[in-house]
Structure formats: structure tokens, C-alpha cells
Amino acid sequence: MLFIFSFLLVPFTHAVISGDLNCTSYNGTAFVYTPAAVACSNAISDASCAVLYPAPNTDYPAAGNDAERAYACYTTATATPAAVVQDIKTAALANCAKTCGLCCQTDDYSCPNVAYPRLNCATITTSQCNSVAWRTIIATDCPSACGFCNQGGCVDAVTNCANDLSICNTVGMQDFVNTYCQKTCGRCPSTTASSSGSTASSGTCTSYAADSSSSCAAWAANGFCTNTFYTAAQRKARCATTCKLC
Ligand SMILES: *[C@@H]1O[C@H](CO)[C@@H](O)[C@H](O)[C@H]1NC(C)=O
Ligand SMILES: *[C@@H]1O[C@H](CO)[C@@H](O)[C@H](O)[C@H]1NC(C)=O
């Protein structure tokens, strides 16, 4: 009897990540971290995070691996099954989101993607997030994949435009900045960059459902409320109060 039980339990004791499966996906045989799980930076040094959130089995979370998440990232328990304790997780998200493999739940990585993205948002890699060719498409279609949630769909295609702001006004640089420095030089189409967030949808509401995200003010300032790349249902589900959607 004992033999049968331990035999049945084997697959489960080998299933790692455990407890909190956010920022993971099933690859056919195991739960593995998504690229967005580790795409951000820790707020404090990586070395400090390694002390606060030591890897239970030497491996730290990385895209595609199934390293066990440090207990301190999400629970007060010291063995599985470990229930998620939200206080503990909030602290981990604020300080060591990357070491914990929880980047996808930070504000910059936690927003709806468009209803019909032109590419598969779930498989976007870090090199795509930094690629001149990909960044502007990703910012519009899959902002959560690269931490573009608070950018309102508008990013620079190259990452160092702000090194020299004078290029925005240099005559011979206009074709360049219109293509590569849209955010820094204010060249994004107004539908994604600067439409006001506070348009009321109709005069019939007297109250709205609560926002489900704490970032609605920032998103609204970036045009989220009126951005038709998101379905009305997605906008309402996230920011009904801020966007005045009922
Ligand atoms: C994801 O995180 C939330 C909140 O921290 C938690 O309640 C939930 O159980 C987690 N989901 C999974 C699949 O682990
Ligand atoms: C899924 O991930 C596990 C753990 O990283 C790995 O051993 C396995 O080969 C992967 N399976 C597939 C189908 O990619």
C-alpha cells in the first residue's frame, strides 16, 4: 500500500516551481517560467536578492526552466503545500521580482494585450523586447510581454534617443526620429500616445465598478481608456472607474 502511494506521489514531488504558478506556462511536460517572468530588473541588487530569496535547489528562475521558486517569494510556509500570502508576495514583487520569477505581475508587465495581436505575445523573448524591428509592434500589440504597460502603446524603437534631445529638432534627423524616437520626440500617433483618458462613455451611469489595476491613472494618461486596440470589455474589466465605463 505504502509502495503504491509513494509511487503515485513521485510525479508530484518532482513538479517544481510549486505553490504559486503565476508567470509560468505548461510546456507539455512541466510548468516552466515564461520569458516575461524574468524580463524585469530587481529593484535592489541581484546579490541582495539572492540572499533574501535563495534558490531552494541552486537554480534560479529563467525563461523555460522549472526552478523551484523561493518560498519567501510568496509564502510564510517552509514546505509544500504552501499557500500564497499576499503580503509576502507584494514585498517580493517590490524588491526582487526577477529573482522570484514574478516580473509578469509587476505594474509594467501586468496589463491586457490587444484582442487580436499580430504575433504570439506569450513567446516574445528579451531580445525581441530590445529589437529595433520589434519594439513598436510589441508596444502596440503585446505591451505586457516587454514591460510596456505604462507606455500607452508608444515606445522608442531604439533605446538611447534621450542621450541627445536636440536630435528631435535637428532638420536632417527628422526621418530618423519619426521612425526611431517616437516616444522621446513626441511622434507617436495621437490615438496611442496622448488622447485624454477621462472621456465619459455615456451620461447614463451613476456609478462604476472598481478598477482592478492600481495603474489605471497612468494608463489613462497614456490613452488606455480610448485606445481601440483594447476591446471595450478589456478596458472596462481593468479600469471601469478611471475610464468611466459602465
Ligand atoms: C497568482 O497570484 C495570485 C495573487 O498573488 C494568487 O492568488 C493565485 O493563486 C496565483 N495563481 C496561481 C495559478 O498560482
Ligand atoms: C519542459 O520543461 C522541462 C523543464 O525545464 C524540460 O525538462 C522539458 O524537456 C520541457 N519539455 C518540452 C516538451 O519542451
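Residue numbering: from 1, along the chain as shown.
Placed from the backbone N, Cα and C atoms, the Cβ positions cover glycine too.
The disulfide bond annotation in TrEMBL covers CYS154-CYS188. Here TrEMBL flags 103-149, 154-188, 205-246 as domain 'ShKT'. Taken from TrEMBL, the feature signal peptide covers 1-15.
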Item checked: Cβ neighbour count (within 10 Å, all chains shown) around CYS188 (disulfide bond) -> 22
Item checked: DSSP-assigned states of the domain 'ShKT' (205-246) in counts, ordered helix, strand, coil -> 21 helix, 0 strand, 21 coil
